[in-house]
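Participant: Sharing a structure, written as structure tokens. Questions coming.
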Amino acid sequence: MDLINSTDYLINASTLVRNSTQFLAPASKMIIALSLYISSIIGTITNGLYLWVLRFKMKQTVNTLLFFHLILSYFISTMILPFMATSQLQDNHWNFGTALCKVFNGTLSLGMFTSVFFLSAIGLDRYLLTLHPVWSQQHRTPRWASSIVLGVWISAAALSIPYLIFRQTHHDRKGKVTCQNNYAVSTNWESKEMQALRQWIHVACFISRFLLGFLLPFFIIIFCYERVASKVKERSLFKSSKPFKVMMTAIISFFVCWMPYHIHQGLLLTTNQSLLLELTLILTVLTTSFNTIFSPTLYLFVGENFKKVFKKSILALFESTFSEDSSVERTQT
């Protein structure tokens, strides 16, 4: 999801401006920009509607609280995409200033980490609810979930601070301004010593981001849902296959949406093949930007309760506004 300048959406570790987008053909840039604009428009509308449903149309439970903040992380990201698309159409020229360069990069980093962490938290919640029902009955409360939510946001913010610090605007000799990472935090962009230091810090950031932002959460999700699926099948807790569909949706969507991003970031460190970088960049933009649209829809509609409540909520929006009795049926998942 790296789109800030050169589609460096969500904490670009190296600078796609230098390393990849300089190879992009105009058609590729247009594809990326259109993907961002479309994702922003549709994602803002759908995610905003989902947030409304979860906040005002459903009973506040652990489940709805976790999903609310998961979708909130998507919503925050979609609000910034138009700026990234505009920069892409302007050949990665950044005309929004250094402060917004830092804020956007930090915000997008925050959105990536929070979405990944909340997916893991939802998996752990399913695990505890299914395999430790007694403990869950005693401790699994909205207040407990609120502490989890707070911990996720604090952890994601802490991991995003380096990318807020490293991000700077750079003026080249032609007067072009780019928003890119300066890992050495030095104004001496050409020094070999500084370039070596930047490379070392870049590698360290990539490894930590890959481990904490993908590999570890992926294993947590796989472990939790595998255990849940085994227990559900063993006890025949559900006659429907819907719970298994939800589990598979979580695993597949996580892998499909985030694996291309980390592959592209790894390639930036190991290859200069322009075609390969271009293809992986486009794939990264498509999967991560549309992730903000389709992942919330999948999670809300695959689950039967979410689907029912969502349908009722659409019809009840105007009724709850204009009718004297504004109560709306709420369902607890």
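Positions of Cβ are set from backbone N, Cα and C atoms, glycine also.
The feature disulfide bond is assigned by Swiss-Prot to Cys101-Cys179. Taken from Swiss-Prot, the feature N-linked glycosylation site covers Asn5, Asn12, Asn19, Asn272, and the record attributes it to sequence analysis. The feature topological domain 'Extracellular' is assigned by Swiss-Prot to 1-30, 87-103, 166-209, 269-283, with sequence analysis given as support. Here Swiss-Prot flags 54-64, 125-143, 231-246, 304-333 as topological domain 'Cytoplasmic'. If you look up Swiss-Prot, you'll see 31-53, 65-86, 104-124, 144-165, 210-230, 247-268, 284-303 marked as transmembrane segment, on the strength of sequence analysis.
Could you place the listed features in the three-dimensional structure?
Facilitator: Within 10 Å of the Cβ of Cys101 (disulfide bond) there are 24 other Cβ atoms, across all protein chains.
Using a 10 Å radius centred on the Cβ of Asn272 (N-linked glycosylation site) and all shown protein chains, the other Cβ atoms total 11. Taken residue by residue with DSSP, Asn272 (N-linked glycosylation site) is part of neither helix nor strand, so it is coil.
Per-residue confidence over the topological domain 'Extracellular' (1-30) averages 47 (mean pLDDT, predicted model).
Long-range contacts of the transmembrane segment (104-124) within its own chain (CB-CB distance under 8 A, at least 6 residues past either end) are made by residues 1-4, 8-12, 66-67, 69-70, 73-74, 76-77, 80, 83-84, 96, 148, 152-153, 155-157, 159-161, 163-164, 167, 179, 181, 212-214, 217, 220-221, 224-225, 250, 254, 258, 295.
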Participant: Looking only at the topological domain 'Cytoplasmic' (125-143), how are its residues distributed among DSSP helix, strand and coil?
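Facilitator: Summed by class, the stretch gives 16 helix, 0 strand, 3 coil.
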Participant: According to DSSP, how is the topological domain 'Cytoplasmic' (54-64) divided among helix, strand and coil residues?
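Facilitator: In the topological domain 'Cytoplasmic' (54-64), the DSSP-based counts are 7 helix, 0 strand, 4 coil.
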Participant: Once the DSSP letters are reduced so that anything not helix or strand counts as coil, what is Cys179 (disulfide bond)?
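Facilitator: SS state of Cys179 (disulfide bond) = strand.
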Participant: Would you mind reading off the Cα separation of Cys179 (disulfide bond) from Asn272 (N-linked glycosylation site), to the nearest angstrom?
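Facilitator: So the alpha carbons of Cys179 (disulfide bond) and Asn272 (N-linked glycosylation site) sit roughly 21 Å from each other.
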